[in-house]
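One structure below.
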Amino acid sequence: MAAVAVVGGQWGDEGKGKITDFLSKDATMAVRSNGGNNAGHTIDIDGKEFKMRLIPSGIFAASKAAVIGNGVVINPEVMFGELDNLEKNGIDTSKLRISNRAHIIMPYDVKQDEYQEEAKGDRKIGTTKNGIGPTYMDKASRIGIRVCDLLEKDTFEEKLRLNLKVKNELFTKVYGKPALKLEDIFDKYYEYGQKMKKYVTDTSVLVNDALDNGEKVLFEGAQGTMLDIDEGTYPYVTSSNTISGGICSGIGMGANRLNTVIGVCKAYTTRVGEGPFPTELLDEVGDRIRDTAHEYGTVTGRPRRVGWFDSVALRHAKRVSGINGLSLNLLDVFSGFDKIKICTAYELDGKKIEYYPASLKELYRCKPVYEELPAWEEDITAAKKLDDLPENAQKFLNRVSELVGVPLVTVSVGPDREQTIVLKNPWER
């Protein structure tokens, strides 16, 4: 049995798609277990860029199956749009498998997300307004519509009718918005269910059987640890558990199944939306990093907030996700810089701390304590091994690993799959 999980070590957008695509070429199965179409990932294949939000990155390379687990919330329109695009580009999509227990993002969930965010005014949290939060709310309230419900016409109609009664009360009486009509939703979504049927199975059984048979299974995390609903910068977080524990519940398997948990990070830090960000750069250095790395959201197109590497946040991610291997991306961005800074601790009310505070008020008062390292002039995008990198780049990598307390397993020096330096094969235990 070989089970490797890839989780975001920062606030998402760390480049998980690239490393999962790289690792999936040796996997029989690639599994996604949380989030929805709020979690974009970009894959470069032979110079062609694919931007996806729902389909697992492993669709390109995993030999047996690319799996959407029960913890994922699915927007059928988005999913079929991605499938159509893949098929037009010659990608085989027949190996997609969808959990019969996954929840469906309904039109009223998208509307509720939009109305709630609008009503918050200045207190908005920066949601993508894709209906992710309300769908997880429906799930927790036990009124959610699952994939298996879409396949049963009578069940689907009954649940939809009841849910619309509840949602329309909210829309008309609280938000002053128009009610939604059953006939505008039912036929379209039932048809989605029929189109989805050929992909649907009990993915918990599928994945656990593969592990029992000694197959290599890759688990793709979505978003990042600092967006986890319990361990992140609450309330500026997503609606699901993005840590490694969420992978287990989001596919239906025991925690003892995971052998390796790889934490993916950038050589700096980014964040989209509102919320505390201790190392944020609001100067020309931040602009330079953003422009060099094209730091704009895959889903929203919004400019990402940019900051120096934060080892305090990554140590927090290591602890709560059990990270035992580090995958660092976008090292090439710092070619031509004079210096690089790493946050080693915070200063809170005159005291040095090395933990990540739960209190937002404390976080906003935290000042980063920096260590400065020299950068390098050389173009490193053709580097194939660690020794090909300039001495200063190697020193930076060693210091990151030392501060986080986790060995590096891969280093990315460019966007293409092959621009990856492997220090340790994650599939080898």
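Glycine is treated like the rest: Cβ placed from N, Cα and C.
As recorded in Swiss-Prot, the features of this protein are as follows:
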type	residues	note
ACT_SITE	Asp13	active site, proton acceptor
ACT_SITE	His41	active site, proton donor
BINDING	12-18, 40-42, Arg304, 330-332, 412-414	GTP binding site
BINDING	Asp13, Glu14, Gly15, Lys16, Asn38, Ala39, Gly40, His41, Thr128, Arg142, Gln223, Thr238, Arg302	IMP binding site
BINDING	Asp13, Gly40	Mg(2+) binding site
BINDING	Thr298, Val299, Thr300, Gly301, Arg302, Pro303, Arg304	substrate binding site
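Counting every protein chain shown, 30 other Cβ atoms lie within 10 Å of the Cβ of Gly12 (GTP binding site).
Note: the CA-CA distance between Arg302 (IMP binding site) and Asp13 (active site, proton acceptor) rounds to 12 Å. A distance of 9 Å separates the Cα atom of Arg304 (substrate binding site) from that of the residue listed as 'active site, proton acceptor'. DSSP gives Asn38 (IMP binding site) a coil state; it is part of no helix or strand.
Within the set of binding-site residues (Gly15, Gly301), the lowest number of other Cβ atoms found within 10 Å of a Cβ is recorded at Gly301. Cβ packing within 10 Å was compared across the binding-site residues Lys18, Arg304, and the lowest neighbour count falls to Arg304. Spacing of Gly15 (GTP binding site) relative to Gly40 (IMP binding site) is 10 Å (Cα to Cα, whole number). Taking the binding-site residues Gly40, Pro303 in turn and counting surrounding C-beta atoms within 10 angstroms, the largest count is reached at Gly40.
Rounded to a whole number, the distance between the Cα atoms of Asp13 (active site, proton acceptor) and Gln223 (IMP binding site) is 7 Å.
Residues near Val413 (GTP binding site) in space but far in sequence (CB under 8 A, at least 6 apart, same chain), listed by position: Leu331, Asp332, Ile380, Thr381, Ala382, Ala383, Leu389, Gln419, Thr420, Ile421. According to DSSP, Gly15 (GTP binding site) is assigned to coil rather than to any helix or strand. In this structure, the C-alpha atom of Asn38 (IMP binding site) lies 18 angstrom from that of Lys18 (GTP binding site). Between the CA atoms of Thr42 (GTP binding site) and Gly301 (substrate binding site) there is a gap of 13 Å, rounded to the nearest whole number.
Ranked by Cβ neighbours within 10 A across all protein chains shown, the binding-site residues Thr42, Thr128, Gln223 are led by Gln223. The Cβ of Leu331 has fewer other Cβ atoms within 10 Å than any other of the binding-site residues Asn38, Leu331.
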